[in-house]
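Colleague: Sending over a structure as structure tokens; questions will come in a sec.
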Amino acid sequence: MNLLNHTPILILALPLLAAFLIPIIGKINKKATGIFATLVLGLSLILTIILAVKILSVGPQIYVFGAKSPLLTLPSSLKFPIRIMFQVDAMGIFMGLITALVSFLGAIYSLAFIDKKDGLDSYYSLLLLLTVSMFGMEFTGDLFNFFVFLEIASMASVSLICYRGTDLGEPVEAGFKYMVVSSIAALMVLFAIGIFYGEYDVLNIAAIASVIKYSQLDKIALGILVSVLAMKAGAVPMHMWTPDAYSEAPAPITMILVAASQASLYAIFRVVFSLYNITLNTLAVGWIIIIFGLLSMFIGVTMAIIQKDIKRLMAYHAISQTGYMLLGVGVGLAVLANPTALQRYGITAMEGGIFHIMNHAMYKGLLFLTAGALFFRTGTRDLNKMGGLAHYMKYTTIFFIIGAAAIAGLPPFNGFASKLLIYESVYKFNPLLSIIAMVVSILTLASFVKVFHSAFLGPKLPQFIEVKEVPRSMVFAMAVLSFIIIFFGLFPDLIVKNLVHPAVMSLIEQFKYTSTVLGGM
Amino acid sequence: MIGNFPYITVIIYIGCGIYILMFQKNLIKLAIGINLIENGINLFLITLGFKKGAVAPIYTQAPSGQSMVLPTPQALTLTSIVIGIATTALILSMAMMIYKHYGSIEVNEVRRLRG
Amino acid sequence: MKEMSRIVKIVTNFIYGFIIIFGFYIIAHGHLTPGGGFQGGAVVASAFAMLLISYGQLKAKKFLNINIFSLLESCGLTMFIVVAFLGLGTTFFYNFLANSGSWFGNMVIPGINPGDMNTAGVLPLMNIAVGLEVFAGLGIIVLLMADGAEYTKKKENAENDR
């Protein structure tokens with residue numbers, strides 16, 4: 001029994017088993033729950049890297065549940081697959097690597113950050129369930145399976161946002177808003193899945209992609225799916241839950257929530273590129289995604305400049321950076337039917353958008369972790385009350401400078417690499433979009449200079465006289481993210497050629513997703 | 001035309017649910033609104049599997065010689081009902097915690113996060 | 001919440017055992033008749049809700065213990081995942097007990113049949129695991145909500161007395 005054949009399911013099943021064992025372990029010893037969760041997430045990260053090496057060298061992997069071999073998709077001469085299966089191609093494993101890294105670092109940071117004594121086992125159990133659901137959303141090849149994992153993610157993240165809700169009322173209000181929004185989003189996704197099932201009698205993404213006819217009902221389903229998944233990803237004008245949810249959650253959970261929002265973004269790309277493959281009117285849908293991106297970029301950054309709460313400011317910046325990803329991939333979608341334009345700038349735009357997903361997870365995670373470190377030592381998130389903290393917290397200051405320079409797009413950090421790809425290719429498509437993107441980047445830099453000045457610079461304040469540096473596990477998590485930011489900034493060519501370009505090609509070559517499962521139909 | 005009656009009921013359910021979510025201010029009423037949308041979608045899923053003159057898809061002691069309705073949407077609906085229970089329990093628990101902190105469950109009075 | 005009158009308590013004492021047995025009947029026959037893990041678990045949890053309502057929250061806390069429910073829930077979940085892992089010889093969730101002659105392993109006659117309980121392999125085990133988890137989980141939800149209601153009522157009464 002070759003265990004490497006079962007890697008796609010072991011990445012999910014081991015954290016799931018650990019999540020169910022943690023309440024039993026928690027009755028014996030409370031501190032062991034955190035260490036156990038961190039070890040299991042580390043094992044998951046190693047397995048994800050092994051699976052990534054296998055996919056990038058061999059090809060997309062399929063894993064079928066409950067069949068006689070992991071690759072048997074069509075049981076006994078039926079025409080369409082009727083089993084639940086995982087189909088991991090280069091784009092899926094790209095998102096899987098982000099999820100694995102972010103969850104592992106979030107668990108390490110939580111070892112020191114969470115100091116409440118009584119709800120600790122449910123915290124780690126929910127963190128593992130959130131990780132499992134994100135992996136499930138990114139690896140699955142079945143539409144209803146995606147819906148189930150989407151609901152698990154929303155429920156686990158709402159419970160984690162309300163983690164401080166026993167003492168304060170604001171996290172519960174933020175969690176309530178997020179639950180109502182997630183609930184409507186998931187129910188509308190189920191409605192669209194019902195439309196697909198009623199028309200074609202299959203639930204598998206590859207099987208629907210091979211028989212889809214783009215009738216009137218399919219157009220309704222496309223509209224519902226794109227708008228509702230953009231609501232879960234935090235695009236304007238459906239972004240109202242994002243500032244509340246990201247600011248009231250504990251800091252490591254906010255980092256994982258950013259990755260969960262990006263999993264919904266991945267779902268938009270999977271639906272538009274692989275599900276409706278050549279029947280789509282790519283110019284119209286591409287322009288709709290570009291408009292979402294432009295609105296998100298601009299409104300996100302203008303609402304961010306005026307904020308006084310540090311995590312709320314960073315949450316608005318998360319909305320703005322999501323706009324960059326939507327802009328890049330939207331330009332790639334709009335020119336998909338035009339081969340010369342695709343070769344000239346379409347592929348580069350998509351590379352920029354998809355590389356920006358990973359860069360954003362890294363530097364936004366680092367910024368949220370530094371905001372969490374400031375909250376841990378000073379007890380406040382208000383920028384007017386903080387000041388002069390660079391004298392006491394030297395490591396946190398350096399990490400904040402790295403994160404702020406990365407988000408503003410300064411070389412040699414990784415934000416510059418992906419933003420340059422987006423600027424150059426979008427300029428050739430339509431110059432006005434690129435100019436708006438550059439103005440948004442300048443406003444991003446302005447707001448982070450404001451945060452740096454008011455939180456870190458200035459004279460030593462008397463009320464912070466006992467503030468020390470944060471504990472070692474938190475510094476370790478922030479240091480790993482900083483190292484990745486600097487490494488991706490110095491060698492972007494390595495990452496784009498080996499990780500991002502196969503992901504973009506697996507989205508653009510639309511028939512490859514179907515033919516992997518149905519064998520050349 | 002009479003065969004479209006379940007689908008019209010689905011639209012009425014979802015429409016009532018969305019109306020309640022837009023215009024009501026009590027948190028418990030919002031929970032009821034989400035529950036109504038959920039019931040509408042479950043009804044939609046079950047109606048998709050219907051065949052005229054068919055029986056329930058159970059093999060144990062079934063009448064012979066008749067076709068059966070499609071069983072797959074029934075599995076999807078069951079999963080959706082389970083998720084609905086968890087969602088309702090979570091929303092009602094959060095409404096109770098908001099009442100514990102603020103003493104009121106009207107949306108105008110408990111809102112503290114602005115901007 | 002206050003306890004209810006004597007008639008309600010006598011009827012509850014008589015009937016909650018039958019509801020629990022009926023719930024376990026629905027869980028155990030899930031692969032033959034309508035029902036299964038979740039439905040049976042919900043019926044059993046409704047018996048606990050009936051006990052809670054008719055005896056009031058203070059008295060019911062003595063014989064419905066949250067720690068035992070939590071332990072049962074974790075055991076149910078772990079059993080489900082471990083049974084899924086045991087099929088890893090072929091794939092995850094593989095039904096390695098069906099049509100094999102051992103536990104729950106009789107051959108299934110395709111088509112309409114009077115229903116043999118000894119069939120369908122791994123499915124009854126997973127039904128039992130899910131049923132255990134569901135009734136423990138729903139029991140915890142009902143007990144904690146009753147706790148919360150009691151706490152807010154005490155706070156309201158304390159404020160009204162001031």
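Using the three backbone atoms N, Cα and C, a Cβ is placed for every residue, glycine included.
A quick note: this is a predicted structure, and the numbers were derived from the prediction, not measured.
Below, the features straight out of TrEMBL:
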TRANSMEM  A:6-26  transmembrane segment
TRANSMEM  A:38-64  transmembrane segment
TRANSMEM  A:84-111  transmembrane segment
TRANSMEM  A:123-140  transmembrane segment
DOMAIN    A:141-443  domain 'NADH:quinone oxidoreductase/Mrp antiporter transmembrane'
TRANSMEM  A:178-200  transmembrane segment
TRANSMEM  A:220-241  transmembrane segment
TRANSMEM  A:253-278  transmembrane segment
TRANSMEM  A:284-306  transmembrane segment
TRANSMEM  A:357-376  transmembrane segment
TRANSMEM  A:397-417  transmembrane segment
TRANSMEM  A:429-452  transmembrane segment
TRANSMEM  A:473-491  transmembrane segment
Colleague: Of the stretches A:38-64, A:178-200, A:220-241, A:284-306, A:429-452, which racks up the most C-beta pairs under 8 Å with the transmembrane segment (A:397-417)?
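Modeller: By Cβ pairs under 8 Å, A:429-452 leads among A:38-64, A:178-200, A:220-241, A:284-306, A:429-452.
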Colleague: Mind checking which residues of the chain, 6+ beyond the ends of the transmembrane segment (A:38-64), have their Cβ under 8 Å from one of its Cβ atoms?
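Modeller: Same-chain contacts beyond the ends: 4, 6-11, 14-15, 18, 70-73, 81, 83-90, 93, 96-97, 100-101, 103-104, 107-108, 111, 128, 131, 135, 141, 498-499, 502, 506, 512-513, 516-517.
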Colleague: Which residues of the chain, 6 or more past the ends of the transmembrane segment (A:220-241), have a CB below 8 A from one of its CBs?
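Modeller: Distal contacts: 150, 174, 177-178, 181-182, 184-185, 188-189, 191-192, 195-196, 261-262, 264-265, 267-268, 271-272, 276, 280, 285, 288-289, 292-293, 295-296, 299-300, 318-319, 322-323, 326.
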Colleague: Sort out the residues at least 6 away from either end of the transmembrane segment (A:84-111), same chain, that have Cβ-Cβ distances under 8 Å to it, and list them.
Modeller: 8-9, 11, 34-35, 37-38, 41-42, 44-45, 48-49, 51-52, 55-56, 60-66, 73, 123-124, 127, 130-131, 134-135, 138-142, 145, 204-206, 250-253, 255-256, 258-259, 262-263, 266, 269-270, 354, 357-358, 361, 365, 369, 372, 473-474, 476-478, 480-481, 484, 499-500, 502-507, 512-513, 516-517
Colleague: Per the 3+ Cβ pairs under 8 Å rule, pairs at least 6 apart in sequence, do the transmembrane segment (A:429-452) and the transmembrane segment (A:6-26) touch?
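Modeller: Judged by the Cβ rule, the two regions do not touch, with the required three close pairs absent.
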Colleague: Hey, which of A:6-26, A:178-200, A:357-376 has the most Cβ-Cβ pairs under 8 Å against the transmembrane segment (A:123-140)?
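Modeller: Top-ranked stretch among A:6-26, A:178-200, A:357-376: A:6-26.
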Colleague: So if I exclude everything within five residues of the ends of the transmembrane segment (A:357-376), which remaining residues of that chain have a CB under 8 angstroms from its CBs? That is, six or more out.
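Modeller: Residues packing against the transmembrane segment (A:357-376) from afar: 94-95, 97-98, 101-102, 105, 109, 113, 246, 250-252, 254-255, 258-259, 262, 265-266, 310-311, 314, 317-318, 321-322, 324-325, 386, 389, 393, 396, 399-400, 402-404, 406-407, 413-415, 417-418, 455, 470, 474, 477-478, 481-482, 484-485, 488, 495, 499-500.
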